[in-house]
Amino acid sequence: MLFKISIAGVKSRWKDYVVLFSGMIITTAIFYMFEAISTNNKFTTSSPAGQNAKFVFIFGSILLAIITLVYVFYANNFLMSMRKHDYGLFMMLGAKSRVISKLIILETLVIGIMSTLIGIVVGIGFTQGLSSLLSHEIHVPLTNFSAFYLPAVWVTIILFFVLFVIAGLMNARTFMKTSALKLLRSNQQSDWQDPKKRTLIGQAILGLGLLAGGYYAMYDINQLKLLAIGIGLVTIVLGTYFVFNSFFVMILEMVQSSKSSMAGLNNFTIAQLKFRIRDYTKILSVVSLLFALALGAITVGIGFQRMVPMIANGNSAYAVGLTNPTRQMKSLVGDLDVSSQVTYQQKIDPAAKTVYYRASQLQQRPMKYAYFTNRSQLKSKVGTASLSQLKNPSSEAYDSLVNLQAPASRTFKIKLVSDTSFDQLHAKQNTLLLVRVKDMDAASNTLTKLTKLQSRQYGQSMTEMPGGGAFSTYQLLKGVFGSFEFMGIFLGIAFLAMLASCLMFKILSGAASDKVRFEMLNKIGARKSVLTHSILLQILGLFLLPAVLGIVDVAFGLQMFVKSHLLQGAYQTFGWSAVGFSLLYLIYYGITVLVYSKIVVPKTKVEK
Amino acid sequence: MTTEIVRTKELHKVYDQNGPRPYEALKGITFSVEQGEFVGIMGASGSGKTTLLNIMATLDQPTSGSVEIDGQDVTHLTANQMSDFRSEKLGFIFQDFNLLETLTARENIALPLSLQNKKPNQIKQAVDAAATKLGIAELLSQYPTQLSGGQKQRVAAARALVANPSIIFGDEPTGALDSTNARELLDTLTDINQQGVSILLVTHDPFSASFCKRILFIKDGRIGDEIDANGKSRNAFYQEILEKLGTFEQ
Ligand SMILES: Nc1ncnc2c1ncn2[C@@H]1O[C@H](COP(=O)(O)OP(=O)(O)O)[C@@H](O)[C@H]1O
Ligand SMILES: [Mg+2]
């Protein structure tokens with residue numbers, strides 16, 4: 001009997017359940033995806049990116065588990081807020097609270113298990129997509145990697161099962177503590193009192209002061225070293241809390257006391273927002289901090305990615321140097337988007353440890369070389385090598401040419417000789433093909449194939465950088481930074497998705513009790529458009545404020561990377577990632593508004 | 001000469017008209033309320049009281065028939081016109097007062113006027129006037145939590161009054177109140193009515209009904225009977241209602 005009512009209750013609100021469900025599924029999928037990559041030993045030890053990733057991944061796993069816990073907690077609250085009324089009804093009908101407790105645990109578990117299983121399937125799909133994205137877009141090569149990885153499936157199932165058991169027990173407990181009547185009439189009357197002016201101002205100043213202190217600490221990282229991070233963490237966490245609890249409330253009070261607040265529902269909107277911000281101070285602070293972390297992670301991740309070609313291009317003007325290229329190699333070069341290429345003849349004298357070039361060729365078709373104009377900003381230029389430069393072993397041009405030799409002769413001297421002397425040398429004549437590409441990222445796949453062919457040609461292992469040139473540097477750096485990039489981007493997006501849904505569920509959990517307020521407003525004559533407008537603004541406030549504070553946090557936090565010369569062009573990357581990030585975040589805002597409106601805005605029954 | 005504030009004609013309401021099980025909740029209701037009356041509509045649960053009230057209050061539309069309020073036919077308005085009509089012409093008394101806890105008493109009372117985008121000083125004057133009428137002028141800067149049950153009630157009543165509505169509606173307004181609070185609300189309504197405001201209450205509670213001056217009994221979607229206080233004491237009227245219910249429910 002109860003089971004039937006239970007099913008009916010779920011059916012009548014299935015649209016809300018769809019939101020809950022998809023949220024859960026995405027969370028599970030994200031978690032699985034992360035685990036599939038991080039617990040996959042074969043992958044993490046065999047690929048160059050993997051070795052570095054290992055430790056970073058464990059750290060990420062823990063962070064992700066923590067936010068998943070918070071997420072399940074909020075999603076679960078939303079579930080309870082939807083079911084409260086039904087449970088109250090069961091009690092009124094005379095069901096024993098023990099029976100209902102069981103029902104609650106059962107419902108929570110059923111929802112949990114279903115979403116976990118579907119989530120894993122979705123996760124496997126995501127992982128497949130992500131791995132090809134990784135190798136194509138950010139050029140982190142993934143070897144030995146499969147989307148379906150059993151240990152990851154287990155870890156995900158066990159974690160989520162435990163989380164849902166805890167959640168079910170917690171639900172049952174809250175239920176046991178509330179009376180049937182309260183469950184039925186769950187419009188919690190809040191006991192709002194306007195906070196005292198003096199406390200508000202005090203806290204606002206304290207909050208802003210703490211934030212400023214934290215920002216300064218990060219700015220001054222060169223002096224404070226590790227202490228900067230400690231100081232920054234403490235002051236920014238506390239500062240964020242106080243800024244929400246008072247500074248934003250103070251600003252809203254100022255808006256409220258202006259004349260226009262009396263128009264329409266402005267007063268109601270501002271008052272509700274004020275109330276919510278104080279009521280949600282903790283979650284808003286958490287959202288703001290996580291937003292900052294996630295945005296920071298993405299910015300730093302993408303920043304590293306952008307730096308790699310910059311460093312590579314400053315090291316050599318040519319992506320690769322090919323000694324005696326085969327036909328297959330030449331055709332691969334043909335596939336590249338080449339900006340210039342040049343061929344020189346050379347002869348090698350192993351006894352004298354010297355490589356000879358025709359001076360005339362290098363005069364007619366001068367070689368290009370790259371040099372840094374500003375090493376800390378990674379600004380580089382490309383110059384044309386003159387003969388005198390190439391004759392001077394301490395010039396950058398000479399160095400560049402040395403590095404472009406085949407590995408066996410890379411330690412040899414280079415001599416430019418006249419055509420007659422060159423022709424008289426008793427040695428095999430080689431050709432050196434130098435290839436300059438327009439875009440290293442775009443060329444990366446073909447260049448990887450080329451270097452593979454080269455190492456086969458030279459009979460050497462991959463690690464010895466057969467091609468010389470900029471692409472070797474590029475590959476080396478990708479190996480080191482690849483895992484950072486990956487972690488930054490992945491965790492950034494995962495965190496954003498989860499924190500935005502936490503906020504979404506928190507707001508939606510309050511919808512049931514807000515319903516009464518909106519019904520009243522509807523009765524006293526608020527147009528539907530006015531109600532909708534008020535909802536748009538209220539929820540916007542709740543989404544926007546933590547995002548703004550988070551963006552400010554990152555803007556200052558990046559100083560750490562800039563001042564310690566870890567990251568170049570940080571602010572440009574930051575601008576773009578902030579925009580992309582905000583767009584994703586906006587989607588959550590839109591969904592929240594839609595679902596919330598559907599719950600609280602009374603339907604007008606106009607039939608004609 | 002008295003004027004009619006509400007006049008309904010042959011109201012029918014069929015729920016789920018095109019569904020598998022259409023249900024006729026109102027089966028032809030015709031009556032009127034005069035200016036300054038205090039009318040009660042009584043009936044058992046499910047008899048169609050809320051349906052009737054919602055149609056009169058422009059919260060729902062009838063399947064056929066018409067409702068005129070203050071001379072205006074309200075059955076063919078658009079959604080926005082309905083909203084505007086409610087904010088200008090109707091007042092509501094809610095269960096549980098339904099005050100917004102985050103707004104002061106003054107701001108709560110001002111809501112209907114804010115919705116009409118009245119000028120701030122106009123709003124101030126009207127709020128002060130309504131508050132004085134109900135004896136809560138000193139409480140205007142308080143928040144609902146700082147007020148007693150009776151005070152909250154008067155704030156809610158002031159909100160219903162502030163826009164000078166043609167009539168005030170209430171759907172079981174005492175339904176969720178304990179007897180002291182219920183009594184206070186009914187006294188407040190009597191007060192307001194004596195100042196010339198028309199009131200229409202829907203209730204199944206004889207005690208609440210006994211405060212009205214005239215009662216319409218509704219059963220299965222039809223008006224079955226009607227009684228008038230005719231200057232009887234409230235207690236006598238209460239007895240009459242009980243007797244009526246005894247015979248009416250048979
Ligand atoms: N939205 C609706 N859809 C279908 N039937 C309804 C709806 N609202 C009310 N009813 C039915 O109409 C009848 C009258 O309901 P209502 O006007 O709420 O009665 P009362 O307020 O007197 O208890 C009831 O039988 C109820 O089940
Ligand atoms: Mg009713």
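Keep in mind that glycine also has a Cβ here, set from the backbone N, Cα and C atoms.
Any TrEMBL annotation is an automated prediction that lacks curation.
These numbers come from a predicted model, not from an experiment.
Per TrEMBL, transmembrane segment is recorded for A:17-34 (among others).
TrEMBL lists A:54-74 (among others) with the feature transmembrane segment.
The feature domain 'ABC3 transporter permease C-terminal' is assigned by TrEMBL to A:59-179.
Taken from TrEMBL, the feature transmembrane segment applies to A:103-126 (among others).
Among the features that TrEMBL reports, transmembrane segment is placed at A:146-169 (among others).
The feature transmembrane segment is assigned by TrEMBL to A:200-218 (among others). Same-chain neighbours of the transmembrane segment (A:200-218): 224, 227-229, 231-236, 238-247, 249-250, 253, 556-557, 559-560, counting only residues six or more beyond its ends whose CB sits under 8 Å from a CB of the stretch.
Long-range contacts of the transmembrane segment (A:224-252) within the same chain, counting only residues at least 6 positions beyond its ends with a Cβ under 8 Å from a Cβ of the stretch, are 195, 199-204, 206-215, 217-218, 270, 273-274, 277-278, 281-282, 284-285, 288-289, 545-546, 549, 553, 557, 560. Positions annotated as transmembrane segment by TrEMBL: A:224-252 (among others).
The annotation transmembrane segment is assigned in TrEMBL to A:283-304 (among others). With a threshold of 8 Å between CB atoms, the same-chain residues lying at least 6 positions outside the transmembrane segment (A:283-304) that come near it are 67, 70, 74, 236-237, 240-241, 244, 277, 481, 484-489, 491-496, 499-500, 502-503, 506, 542, 545-547, 549-551, 553-554, 557-558, 561, 567-570, 573-574, 576-578, 581, 585.
Annotation source TrEMBL lists transmembrane segment at A:486-509 (among others).
Annotation source TrEMBL lists transmembrane segment at A:530-562 (among others).
Taken from TrEMBL, the feature transmembrane segment covers A:574-596 (among others).
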Given pairs 6 or more apart, does the transmembrane segment (A:146-169) have at least three Cβ pairs under 8 Å with the transmembrane segment (A:574-596)?
no
The transmembrane segment (A:574-596) vs the transmembrane segment (A:486-509): 3 or more CB pairs under 8 Å:
yes
Go through the chain and flag residues at least 6 beyond the ends of the transmembrane segment (A:17-34) whose CB is under 8 A from any CB in it; none is fine as an answer.
10, 57, 60-61, 64-65, 68, 71-72, 75, 78-79, 82, 111-112, 114-116, 118-120, 122-127, 130, 152-153, 156, 159-160, 490-491, 494, 497-498, 501, 504-505, 508, 591, 595
Tally the residues of the domain 'ABC3 transporter permease C-terminal' (A:59-179) by DSSP class, grouping H, G and I as helix, E and B as strand, and everything else as coil.
103 helix, 0 strand, 18 coil
